[in-house]
Amino acid sequence: MASQTTNGNGVASKSAEKEEASSQKKKGGNEDEEFDAVTDAIGAFGRWQLRLTFLLSLLNCPCTWHIFALTFQSLQGDFWCAPPEDVEWLLKDRGINWRNFTRAYADDEDGSDFDPCLTWDVDYDVILASQHPVIPYNASRKACTKWIFDESKTGRTIVSQWSLVCSRKYLNEVAEMTFLMGVAIGGVVSGLLSDRFGRKKTLMTSLSLQILIGTILAATPWLELYVILRFLLGFVSVSVVFSGFVICMEIVGGKWRTISGVSYLFPVPLSYIAIAGIAYLIRDWPMQQLAITLPAVLLLSLWWIIPESPRWLLAMGRIEEVLVILRQASIVNKKPPPPPADKFLAHANANSVSNAAEDENARKSGFLDLFRTPNIRRNSLLLYILWFVLYFVYYGLVLNLSNIGGNIYVNTVLSGAVELPAIAMCILFLLRSGRRWPLSLSMLGSGISCLLTLTVPQGRSELEWVTVAMAMCGKFAISTSNAMLPVFTAELFPTVVRNLGVGSSNIPAGVALMLVPYLWNLSTVASGLPMGLLGTLGVIGGVCTLFLPETANCTLPQTIEEGEELARKRKQQKKSEKEEKIENYKMKDNAS
């Protein structure tokens with residue numbers, strides 16, 4: 001989620017930003033250690049933060065399972081038209097195989113296969129009662145209204161339970177779209193709720209609702225209720241991930257924000273691998289639903305372990321509660337206890353004075369401020385494109401593993417396996433190689449990998465592994481982008497519009513999420529069109545990234561003016577570097 005995303009790595013909390021902004025002013029770089037009241041008391045990172053980061057990251061497991069569940073719950077096996085009820089006894093009496101007897105071909109078929117959505121428009125009572133039952137050669141065809149499903153390989157799925165095939169197939173996509181719509185809306189609303197009521201309350205309330213809704217979902221007898229519950233499940237699942245991510249980011253400081261924020265995602269690929277095993281062993285969708293829902297009951301015990309964010313409490317003026325948490329943390333981290341309340345408050349206020357003007361400017365800023373000045377406008381539009389590309393390509397691959405060929409269970413395990421090193425590499429990239437070039441190359445890599453799948457001949461099962469391998473390379477690359485883009489986004493927007501900028505990125509991301517379920521419908525136009533579209537978008541995203549300024553080792557912009565200056569400085573720096581290279585070349589040429 002996926003990240004601002006369904007995996008939560010795109011959330012930027014207001015109090016976290018304020019503390020980080022203070023650090024930037026004092027140290028001049030976006031990865032220096034912070035010096036604020038909370039960090040001074042417990043350190044930027046220690047055993048206390050490590051333990052909480054690990055526990056909070058476990059929240060990704062049930063949330064990832066719910067995101068991926070429909071991939072297995074909607075598997076479609078063989079099916080064919082069901083016989084009229086009044087002729088079933090004749091079929092048994094005469095030993096006729098209904099499936100073979102009623103094979104009906106579409107007008108454009110060559111007779112090599114039959115269309116399970118069609119049956120013959122004849123009087124089966126009369127034909128089956130005759131001495132030699134046979135379908136007249138000039139018989140017309142009609143659409144089926146009921147079907148029989150072969151559940152020997154897939155087990156009971158929502159497709160077989162509610163007949164989501166032929167003219168009803170679109171309802172399967174509606175079920176997926178409504179879940180992702182819930183994710184998109186929940187990503188925006190959860191930030192407002194956690195700012196208003198606290199991170200911990202939002203987290204635990206959402207987790208409780210996730211368990212309740214997931215359990216009811218397993219027993220629903222109606223498709224309409226299933227769709228509604230999936231929407232609500234998407235809403236609360238992303239709220240769990242986002243709230244956990246915010247706490248994770250607000251208990252650490254300095255460069256550990258980058259490391260901790262990315263490390264929070266490590267359980268996501270492990271969850272892919274786990275749900276492949278769960279779905280393989282439990283081939284009945286209601287039991288699958290319970291299997292991925294009920295383990296979250298254990299996570300309710302985090303209420304007594306996870307504290308409220310000390311930075312949020314500090315922003316709310318609840319100093320005594322902050323000190324209780326910091327005393328516990330200082331013991332675990334083997335730090336001196338925090339100062340008395342009056343001294344701690346004085347220290348906190350001293351650090352917050354410099355932010356007062358910024359807060360006032362932030363309150364006065366509006367959505368249009370993202371577009372008033374040329375550089376901020378360009379950055380905003382490019383970032384919106386990147387978020388759309390990221391979500392469309394990432395979830396286009398993740399949620400369509402059954403369509404790229406090969407075994408769906410093996411593909412899911414491979415998908416998780418390639419994302420683990422991608423997340424680990426992302427940490428190194430962010431700390432050592434900057435943001436712009438690694439992000440650009442990873443998006444280009446995902447696009448090129450998807451485009452390479454088009455070179456594999458269609459219809460040759462012995463070459464399916466090549467298609468799967470190329471798709472997994474694309475998944476590896478886009479997973480790296482998925483971990484890097486949220487950091488880059490937060491650093492590009494000035495402080496006064498950072499919350500607004502990061503939050504507004506949910507809009508194009510949400511649009512991409514709602515379009516993903518319909519991606520593979522394009523294969524009816526041309527079989528390679530879905531992967532071709534993913535590849536093209538990946539390349540576009542990689543190119544667009546190069547038009548953004550680098551933010552590594554820069555003081556993060558606080559105002560709109562500083563945001564404009566960041567881009568101008570980078571342009572001037574590139575110009576100077578180019579002139580320096582030309583001058584060096586001339587000197588070498590003259591020397592030779």
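Just so you know, glycine gets a Cβ as well, placed from its N, Cα and C.
What TrEMBL lists as compositional bias 'Polar residues' is 1-10.
Look at TrEMBL and you will find 574-592 tagged as compositional bias 'Basic and acidic residues'.
For 124-553, the entry in TrEMBL reads domain 'Major facilitator superfamily (MFS) profile'.
As annotated by TrEMBL, region 'Disordered' applies to 1-32 (among others).
Taken from TrEMBL, the feature region 'Disordered' applies to 565-592 (among others).
The transmembrane segment annotation in TrEMBL covers 174-193 (among others). Packing against the transmembrane segment (174-193) from elsewhere in the chain are residues 1, 4-6, 10-11, 13, 66-67, 70, 74, 158, 202, 206, 223, 226-228, 230-239, 242-243, 395, 399, 499, 503, 506, 509-511, 513-514, 516-518: each is 6 or more residues past its ends and has a CB under 8 Å from a CB in it.
Here TrEMBL flags 205-223 (among others) as transmembrane segment. Among residues of the same chain six or more beyond the transmembrane segment (205-223), those with a C-beta under 8 A of the stretch's C-beta atoms are 59, 62-63, 66, 158, 162, 164, 171, 175, 190, 229-230, 232-233, 236-237, 239-240, 243, 286-287, 289-290, 292-294, 296-297, 299-300.
According to TrEMBL, the transmembrane segment annotation covers 229-252 (among others).
Long-range contacts of the transmembrane segment (264-282) within its own chain (CB-CB distance under 8 A, at least 6 residues past either end) are made by residues 1-3, 7-9, 53, 56-58, 60-61, 64-65, 68-69, 72, 155, 244-245, 248, 288, 291-292, 398, 409-410, 412-413, 415-420, 423, 479, 482-483. The feature transmembrane segment is assigned by TrEMBL to 264-282 (among others).
TrEMBL lists 288-306 (among others) with the feature transmembrane segment.
Look at TrEMBL and you will find 381-402 (among others) tagged as transmembrane segment.
With a cut-off of 8 Å between Cβ atoms, the residues of this chain six or more beyond the transmembrane segment (408-431) that come close are 31, 68, 71-72, 75, 255, 258-259, 262-263, 265-266, 268-273, 275-276, 279-280, 397-398, 401-402, 438, 468, 471-473, 475-477, 479-480, 483-484, 487, 552. Annotation comment: TrEMBL describes 408-431 (among others) as transmembrane segment.
Annotated transmembrane segment per TrEMBL: 438-456 (among others), in sequence order.
Beyond the ends of the transmembrane segment (468-488), by six or more residues, the same chain brings 2-5, 7, 9-12, 258, 261-262, 265, 269, 386-387, 390, 393-394, 397-398, 404-406, 411, 414-415, 418-419, 421-423, 425-426, 429-430, 435-436, 438-439, 442-447, 449-450, 452-453, 456, 502, 531, 534-535, 538, 541, 548, 551 to within a C-beta distance below 8 angstroms of the stretch. The annotation transmembrane segment is assigned in TrEMBL to 468-488 (among others).
Annotation source TrEMBL lists transmembrane segment at 500-520 (among others). Panel annotation: around the transmembrane segment (500-520), residues 4-6, 10-12, 173-174, 176-177, 180-181, 183-185, 187-188, 191, 365-367, 369-370, 380, 383-385, 387-392, 395-396, 399-400, 403, 486, 489-490, 492-493, 530, 533-534 of the same chain, lying at least six beyond its termini, place a Cβ under 8 Å from a Cβ of the stretch.
TrEMBL lists 526-548 (among others) with the feature transmembrane segment.
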